[in-house]
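A.B. asks: This structure is in structure tokens; I'll ask about it shortly.
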Amino acid sequence: MSHREVNVLATELYRQNVTGLQWVGSDAWITDHSLTDSEGHRILVGSLGFAVSRAHIPGLEEHLRLLHPSQFPDSPFVRDFWEDTFDCSLSDTRDAQRKSCSGFESLQDAKSYFTDVSELRFTNNVYKSVYAVAHALHNLVTCEEKKGPFYNGSCADTKHIQPWQVLHYLQNVNFATNQGERVTFDQNGDSPARYELINLQHVTSGTMQVATVGVFDATLPRERQFIMNGMKIVWGGEGHTQVPVSVCSESCPPGKRKALQKGKPVCCYDCIPCADGEISNITSMECLKCPIDYWPNTRGDTCILKEVEFLSYAEIMGIILTFFCLMGAVLTTMIALVFFHFRETPIVRANNSELSFLLLFSLTLCFLCSLTFIGRPSEWSCMLRHTAFGITFVLCISCILGKTIVVLMAFRATLPGSNMMKWFGPAQQRLSVLAFTLIQVLICILWLTINPPFPFKNMSHYKEKIILECALGSAVGFWAVLGYIGLLAMLCFVFAFLARKLPDNFNEAKFITFSMLIFCAVWITFIPAYVSSPGKFTVAVEIFAILASSYGTLFCIFLPKCYVILLRPERNTKKHVMSKTKEIQY
């Protein structure tokens with residue numbers, strides 16, 4: 001828009017009482033002083049816009065003030081300017097309403113836009129252009145042969161100068177004006193941009209001042225190209241110095257983002273929380289996604305490290321499980337000490353003391369191996385927890401299986417003409433336990449060799465925290481270990497069930513049947529619970545299964561014997577054992 005169009009628009013807006021607008025002006029009108037004459041110039045106060053930098057041209061004002069019509073007798077522009085400035089007539093046909101001009105009136109004290117050199121903006125570009133051409137021509141005519149810019153170091157022929165030769169020199173000029181402004185051109189022929197940030201401000205009730213509040217100069221380093229000069233900016237139509245808010249909605253605080261309101265301008269929006277895993281730490285900023293190991297804080301303005309979850313010794317559940325692990329190991333050790341102290345009594349001797357001590361040792365290991373599941377998973381703890389559990393449980397069940405077979409063989413041996421015990425004596429019992437355990441050891445070695453368990457950060461189950469767990473590595477290896485334990489347990493249960501009604505001395509087969517029933521029930525319910533439990537509860541379920549089956553075996557097999565040894569010693573006699581044996585034979 002030109003200054004005339006802005007003048008008309010401002011006047012009409014003033015008449016309609018449309019005020020408080022923030023105007024952004026172009027260089028076509030932002031520096032035009034004639035806007036002050038507008039009836040509605042008040043609403044333009046506070047306008048902002050960029051304009052070409054102004055400059056002072058030495059000698060120009062003096063030259064203009066020495067001008068008179070006799071120097072340009074045929075110039076209609078000079079004639080019209082002179083008549084308008086001095087309100088007189090130079091033409092032969094005199095205007096009756098105007099006095100005659102002599103043509104020698106003085107411009108020294110005259111006030112005119114023509115002699116006003118305070119706003120030389122585009123005029124300065126013309127001034128620099130003339131000097132640029134002058135420098136180009138000077139460089140062209142002072143060229144030395146063999147040092148020229150053209151083919152073989154040649155120079156231009158000054159008697160037949162070609163336009164392209166002048167253009168070459170013009171593109172390469174580099175000089176400074178008297179005011180220190182550098183004039184150069186880039187490869188596209190453009191000169192560096194220089195602009196002033198203009199602000200229209202009140203001076204009096206009827207005038208405005210064109211105030212320069214900032215400067216942009218592309219020739220300076222990037223961090224210094226745009227500089228504010230410290231002058232206060234006047235805003236908005238009424239001359240306020242407070243920065244106006246140009247939105248219909250309040251700024252969104254950190255932790256929220258803008259959501260445009262349908263059918264309304266872009267400055268109208270709702271503030272909604274950032275999506276999960278995103279933050280905004282600056283007012284009205286777009287949400288940024290946190291790194292994979294981080295999660296937003298409660299305010300949504302900072303990414304913090306995700307909580308790493310694993311079953312720890314410091315938490316309540318870890319403390320309780322550790323207590324029951326250690327208590328089981330202590331109880332087993334105490335029972336072993338009782339058996340060792342009463343090792344010569346009939347009840348201990350009649351129940352295969354060697355397998356009993358080995359079974360107590362394996363149960364102690366079962367309780368202690370549960371501790372490897374608690375604490376921060378590491379490469380070694382992940383490999384140890386499953387293999388130690390698998391081997392100790394196979395050792396335990398192998399001992400129970402051996403005791404069950406002994407019960408069956410012992411009953412057969414009491415029959416007339418039977419010679420069964422020689423086929424399953426102490427040596428065979430040791431070998432069977434060793435053989436069953438070595439098979440599990442072999443399975444574990446293959447598992448650890450091919451694809452062992454390893455620590456794994458599970459980030460898929462919870463968004464806000466990391467589950468540090470032991471990945472199985474090879475699922476086949478894990479289920480092979482469990483499957484082998486289950487196979488031995490079922491075999492032991494079947495043998496014990498077959499021998500449950502045999503009238504042995506202390507109902508050994510019945511107690512083994514109960515212990516295997518508890519063992520199988522625990523591990524059958526363990527599988528769905530293990531698969532469905534999240535995070536550290538998976539480990540807790542596995543520890544619970546180990547403890548429940550270990551306590552079941554310990555109490556069912558050894559608690560009745562301890563009861564007899566400690567509380568009913570009258571039944572722990574050879575006579576009592578022999579009487580039971582006679583009942584069996586009859």
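Think of each number as a place in line: the chain as shown, counted from 1.
For all residues, glycine too, the Cβ spot is worked out from N, Cα and C.
Unlike curated entries, TrEMBL annotations are predicted automatically.
Per TrEMBL, transmembrane segment is recorded for 316-342, 354-375, 387-411, 431-450, 478-499, 511-531, 543-566. The domain 'G-protein coupled receptors family 3 profile' annotation in TrEMBL covers 317-581.
Would you situate these features in the structure and describe their surroundings?
C.D. replies: A Cβ distance under 8 Å defines the sequence-distant neighbours of the transmembrane segment (354-375), meaning residues of its chain 6+ beyond its ends; these are 310-313, 318, 321-322, 325-326, 328-329, 332-333, 335-336, 339-340, 348, 381, 384-385, 388-389, 392-393, 395-396, 399-400, 402-403, 406, 426, 429-430, 433, 539, 542-543, 546-547, 549-550, 553-554, 557-558.
Listed by sequence, the residues of this chain that lie at least six past the ends of the transmembrane segment (431-450) yet keep a Cβ under 8 A from its Cβ atoms are 355, 358, 383, 386-387, 390-391, 394-395, 397-399, 401-402, 405, 473-474, 477-478, 480-481, 484-485, 488.
If you look at the transmembrane segment (478-499), the same-chain residues 6 or more away from its ends with a CB under 8 A from one of its CBs are 386-387, 389-390, 393-394, 397-398, 400-401, 404-405, 407-408, 411, 436, 439-440, 443-444, 447, 453, 472, 509-510, 512-513, 516-517, 519-520, 523.
For the transmembrane segment (511-531), the list of distant contacts is 397, 400, 403-404, 407, 482, 485-486, 489-490, 492-493, 496-497, 499-500, 538, 541-542, 545, 548-549, 552-553, 556-557, 560: same-chain residues at least six beyond its ends, Cβ to Cβ under 8 Å.
Long-range contacts of the transmembrane segment (543-566) within the same chain: residues 311, 321, 324-325, 328, 331-332, 335, 338-339, 342, 345, 347-348, 351, 356, 359-360, 363, 366-367, 369-370, 373-374, 389, 393, 396, 400, 403, 506-507, 511-512, 514-515, 518-519, 522-523, 526, 530, 572, each at least 6 residues beyond the stretch ends and with a Cβ under 8 Å from a Cβ of the stretch.
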A.B. asks: What average pLDDT does the predicted model assign to the domain 'G-protein coupled receptors family 3 profile' (317-581)?
C.D. replies: 83
